[in-house]
Every structure is written in C-alpha cells, then in structure tokens.
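All remarks here apply to the structure that follows.
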Amino acid sequence: MGLFDPVAGFGVTFRTMFRKTFTEEYPNKPKVTAPRFHGRHQLNRWPDGLEKCVGCELCAWACPADAIYVEGAQNTEEERFSPGERYGRVYQINYLRCILCGLCIEACPTRALTMTNEFELADDSRGDLIYDKDKLLAPLLPGMEQPPHPRRLGDDEQVYFLGLPAMGTPDERAGSIARYEPEPVNAGYENRRKHKKLGGKPKPQDSVSSVQANESNGRLR
C-alpha cells in the first residue's frame, strides 16, 4: 500500500460530492409511471354502478402464474350485481404469485379487468397481499349506485354490452336494439379486396351489397 493510495481514494469521494444527484425523494415524490404501466388491477363498473365482471373465469384460465381465483354466481331480480346472468361473487388476486403480465386483461370479454398505475404493493403480511373483490372494485363515482340494484341504463344487457343508446322509453330502447345489425364478418375483407384494384376509397354500403350478392348466388367467399 503506497503513501498516496488513501489520497486517491478520497479523491473519488470528493469528485462525487460535486456531481448532480440522481436519487428521488420517494415516497414523498413518487415517480410518474408510463401511461400503459402494468400496476395493480381494478374491477370496473358500468355508469350506473353495476359491475362489469360476469364471472366467466377467463382471466383465471389465462393467468400463467395461477394467481387469480374467480367464483361466479347467478344474478336475480331481487339482487342484481351485473347486467348479465352471472357476476363474480368471489374474486381474488394473489400478488405473491402475480407477475403483472397483463394476459388477464386481454382475456376479459367485458373490459371488466384493467390495470392501474399503482405500483406500491409491498406489505409486511403475506395474507394482505391476497386482494379480494372489495380491494379491487373501482370506487363509486357521482351518479353511481352501490349494487345490488336493477338495471338503470336499459331493460336488457345488450344495452350495456353493445353500447346502444340508453335514453328514451323502454319501447324506444327496444327499437334501437332491434335496428342494430352488425356488419358481416367478411364484409370489410370484401370491401378492401374490391377497391384494391380500382384504387378508390371503400364505402360501407359496397361491402354489404357485395356480400348479399354473393349469398344470393350461393358463392359466399
């Protein structure tokens, strides 16, 4: 060990003292996450307060870590928690297993399960890291009502799931549902294929008419 070795060591210390610090004052100033950050899950509600979860258990089947447990139950007219026939009576996410991959979000058919930007999930108890339905449900916003209660946006679950108009009398809402005709599955393909050679802009009515013509001729493609 040379005479000047301690001086060289202190030189590194003194040079670091005058550099800009990169530390963050957490948790006083939490870091802003990206908009699509995969954080804590949330069970969403419809505008009237009913739950979007229908208890289908597709999120549990899609989870590669087996971190989700769902137990569905039937709705009744006296106790209705969701617009459809079923709802998630028991919903648990075990954050000791969850890897925050987001595959459960992709599997949800009603967009009931989403992920927030909340990333602070540390706890000193293993049991507290198993989030149940009460912790996962979105808070009630102004205008929402705590379930169970009847449907407020319409008389049928189609009004909720298809996004049809919810205003007017029940007869008007039923008429809106009856007039709703989804576009054929291959209509967009037929439309693009037809106008690709012509170089024009496709029109919605052209695609429907082409499909109907093929159906009448017995050569639906």
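Here the Cβ of each residue, glycine as well, is placed from N, Cα and C on the backbone.
What TrEMBL says about this protein:
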BINDING   C53, C56, C59, C108  [4Fe-4S] cluster 1 binding site
BINDING   C63, C98, C101, C104  [4Fe-4S] cluster 2 binding site
COMPBIAS  206-221  compositional bias 'Polar residues'
DOMAIN    43-73  domain '4Fe-4S ferredoxin-type'
DOMAIN    89-118  domain '4Fe-4S ferredoxin-type'
REGION    172-221  region 'Disordered'
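Structural mapping of features recorded in TrEMBL.
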residue : record                          : DSSP (3 states)
C53     : [4Fe-4S] cluster 1 binding site : coil
C59     : [4Fe-4S] cluster 1 binding site : helix
C98     : [4Fe-4S] cluster 2 binding site : coil
C104    : [4Fe-4S] cluster 2 binding site : helix
Exercise for review: Determine, for the [4Fe-4S] cluster 2 site, the additional residues of the same chain whose CB lies within 8 Å of the mean position of the CB atoms of C63, C98, C101, C104; present them in sequence order.
Suggested key: C59, A62, P64, A65, A67, I68, I93, I99, L100, G102, L103
Check your understanding: Among the binding-site residues C53, C63, C101, C108, which residue has its Cβ surrounded by the fewest other Cβ atoms within 10 Å?
Key -> C101
**Study point:** Cα-to-Cα gap, C108 ([4Fe-4S] cluster 1 binding site) vs C63 ([4Fe-4S] cluster 2 binding site), nearest whole Å
**Key:** 11
Check your understanding: If one measures from the C-alpha of C101 ([4Fe-4S] cluster 2 binding site) to the C-alpha of C59 ([4Fe-4S] cluster 1 binding site), what distance in angstrom results, rounded to a whole number?
Key -> 12
Check your understanding: Going along the chain, which residues six or more apart from C59 ([4Fe-4S] cluster 1 binding site) have their CB under 8 A from its CB?
Key -> I68, V70, C104, I105, A107, C108, L113
Point to revise | Tertiary neighbours of C56 ([4Fe-4S] cluster 1 binding site) (same chain, Cβ under 8 Å, six or more apart) | key: V70, G72, R86, P109
**Study point:** Per-residue Cβ crowding (10 Å cut-off), top of binding-site residues C98, C104
**Key:** C104
Practice item. Taking only the Cα atoms, work out how far C98 ([4Fe-4S] cluster 2 binding site) lies from C53 ([4Fe-4S] cluster 1 binding site), in Å, as a whole number. Key: 19
Exercise for review: Express the distance between the Cα positions of C63 ([4Fe-4S] cluster 2 binding site) and C53 ([4Fe-4S] cluster 1 binding site) as a whole number of Å.
Suggested key: 16
**Study point:** Additional residues around [4Fe-4S] cluster 1, ordered along the sequence, whose Cβ is within 8 Å of the centroid of C53, C56, C59, C108
**Key:** V54, G55, E57, L58, V70, G88, C104, A107, P109, T110, A112, L113
